[in-house]
Amino acid sequence: MNKNHPELLQNVTDVTAARSLPLWKRENLTTTEPDWLAEEVPVALVYNGISHVVMMASPKDLEIFALGFSLSEGIVESSHEIYGMDIIHGCNGIEIQVELSSRRFTELKARRRNLAGRTGCGVCGVEQLNDIVRPLAPLPFTQTFSLDNLDGALRQLASVQPVGELTGCTHAAAWLTPQGDIAGGHEDVGRHVALDKLLGRRAREAWQQGAVLVSSRASYEMVQKAATCGVEILFAVSAATTLAVEVAERCNLTLVGFSRPGRATIYTHPQRLIAGDKNA
């Protein structure tokens, strides 16, 4: 057990996400003591029998990951276009077998890519540079969010990151209500995978009004995934990249970085953000 924070184990409900191992510490190199590490395994997504992508991920919440990935990558537009899903655990990793509608599978074969990435990587193996940034439909302006309500959400973020609190090794993605409460969240060793899990959960729960908060930086792919799923506001704890800002500007997504209590850097479309408690 992590001797510094044994209480954190009470919040880890899925023991497959972390494992205790004997380790040496700088202050005592002669003996080992148990500490917790996050699990990381290869997860293959297979559509209608054809391997599409291999991601390094935390081995939990895999069905909603597959749903979120399928939605955020534009493979499907609705969960109704997925007819079935099986998760196969093997010696070398995990395979998620997804059955698509025939129309969606035909479209997927036309633009099929096959990649084996680093943790959460979604670019490695893309066949053409033009495939990196997909065309995105402009998002509507249907909601606002109070920056004052963001502070409360930031304080709650650790509640959806128990493995991260225990190991210091995961990213989190959370769905914020307009009131600044966290409706739900997911964590993973890969920031893209954490976001895909959240987007899959959002589709299942039919969350509409609100925003996404991620514990990581905002890359272009995080923006692309969020926008593809119709998310209008994306908050990141760390910075955004130039390509992320360009993509967000083009698709009308409100992108905010350095989201910390009492501060934030707004990169694009600030008109969705308001000062003061929206409920006041």
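From the backbone N, Cα and C atoms, a Cβ is placed for every residue, glycine too.
Over in Swiss-Prot, the protein carries these features:
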- Cys121: active site, cysteine persulfide intermediate (ACT_SITE)
- Phe258, Ser259, Arg260, Pro261, Gly262, Arg263: Mo-bis(molybdopterin guanine dinucleotide) binding site (BINDING)
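Here the binding-site residues are Ser259, Arg263, and the one whose Cβ sees the fewest other Cβ atoms within 10 Å is Arg263. Counting only residues at least six positions away in the same chain, the Cβ atoms of Ala236, Val237, Ser238, Ala239, Ala264, Thr265 sit under 8 Å from the Cβ of Phe258 (Mo-bis(molybdopterin guanine dinucleotide) binding site). Listed in chain order, the extra residues whose Cβ falls within 8 Å of the Cβ center of the Mo-bis(molybdopterin guanine dinucleotide) site residues Phe258, Ser259, Arg260, Pro261, Gly262, Arg263 are Leu150, Asp151, Leu154, Ala264. The number of other CB atoms found within 10 A of the CB of Pro261 (Mo-bis(molybdopterin guanine dinucleotide) binding site), across every protein chain shown, is 11.
Within the same chain, residues at least six positions away from Gly262 (Mo-bis(molybdopterin guanine dinucleotide) binding site) with a Cβ under 8 Å of its Cβ are Asp151.
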